[in-house]
Amino acid sequence: MFRSLLKRTTFLNQLNKSNGFNRNYFKQSTLTRSDALSRHVETEDNNEHTPFDFTQENLVKVEKILAKYPKQYRQSALIPLLDLAQRQNGGWISLRAMDKVAHICGIAPMTAYEVASFYTMFNRTKIGENFVQVCTTTPCMLRGSGEIIKTCKSHLGIQVGETTPDNKFTLVEVECLGACVNAPMMCINDDFYEDLTSASTINLLDQIKNNKPTKIGPQTHRKAAEGPQGKTTLLEPPVGPTCRDDL
């Protein structure tokens with residue numbers, strides 16, 4: 001066992017010294033926040049007595065969501081209602097919030113707990129005001145996501161999975177966010193920031209910290225997912241109609 005571990009360590013050290021390999025590429029993925037706690041832990045702000053109810057504004061949204069499904073299939077609204085509760089609750093979903101959603105959907109609370117703990121988009125512990133999710137899947141890794149993670153940790157003064165003392169930022173690693181062609185990238189709350197460098201990452205974090213507007217999308221000159229040389233094909237206006245008239 002020891003000899004096998006020693007061989008593996010020697011192999012990774014050799015890779016680390018050659019060809020710019022980073023031994024972090026061979027480590028296990030960071031646990032997602034939904035898996036960070038496999039069971040509920042009572043805290044002062046998250047227990048069976050912590051109050052939660054939808055605001056009047058969100059109750060209207062609840063009815064609109066439920067109206068999309070037949071009455072006998074109210075449980076189909078579980079995920080959008082959990083999302084609505086999470087947004088109202090500052091980016092995380094409490095035990096009582098899950099109970100409330102389960103009651104509205106007419107399902108057992110355990111079903112809501114299972115869904116919230118399965119999908120990584122639901123946070124069952126508190127997060128900061130800005131949820132920084134850096135993609136570290138293969139395309140982003142090959143394009144330098146390791147350096148982006150290192151920059152975030154250094155500039156924010158926290159490790160992956162931690163929140164800054166001022167509660168401004170929470171930093172996590174995530175799996176593919178679907179913007180591989182614009183790697184490396186990260187998602188902060190609902191916005192994608194792509195084609196990142198260490199310099200542009202620091203600039204973005206500073207802008208957000210100071211409540212200044214940011215450039216969403218590619219942080220370079222290119223538009224959307226076009227190549228680095230710009231648009232080279234399909235230069236003529238598209239032949240219509242391209243979609244239904246009522247959209």
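Quick reminder: no glycine exception, Cβ is built from N, Cα and C everywhere.
If you look up Swiss-Prot, you'll see 1-40 marked as transit peptide.
Of all the Cβ atoms in the protein chains shown, 18 others lie within 10 Å of the Cβ of Cys180 ([2Fe-2S] cluster binding site). As annotated by Swiss-Prot, [2Fe-2S] cluster binding site applies to Cys135, Cys140, Cys176, Cys180, with the evidence given as sequence analysis.
Helix, strand and coil content of the region 'Disordered' (211-247), in residues and according to DSSP, is 0 helix, 2 strand, 35 coil. Annotated region 'Disordered' per Swiss-Prot: 211-247, in sequence order.
For the [2Fe-2S] cluster site, the Cβ centre of Cys135, Cys140, Cys176, Cys180 serves as reference, and the other residues of the chain with Cβ at most 8 Å from it are Thr136, Thr137, Thr138, Pro139, Ser145, Glu175, Leu177, Gly178, Ala179, Ala183, Pro184, Met185.
Cβ-based crowding with a 10 Å cutoff singles out Cys135 as the top-ranked of the binding-site residues Cys135, Cys176.
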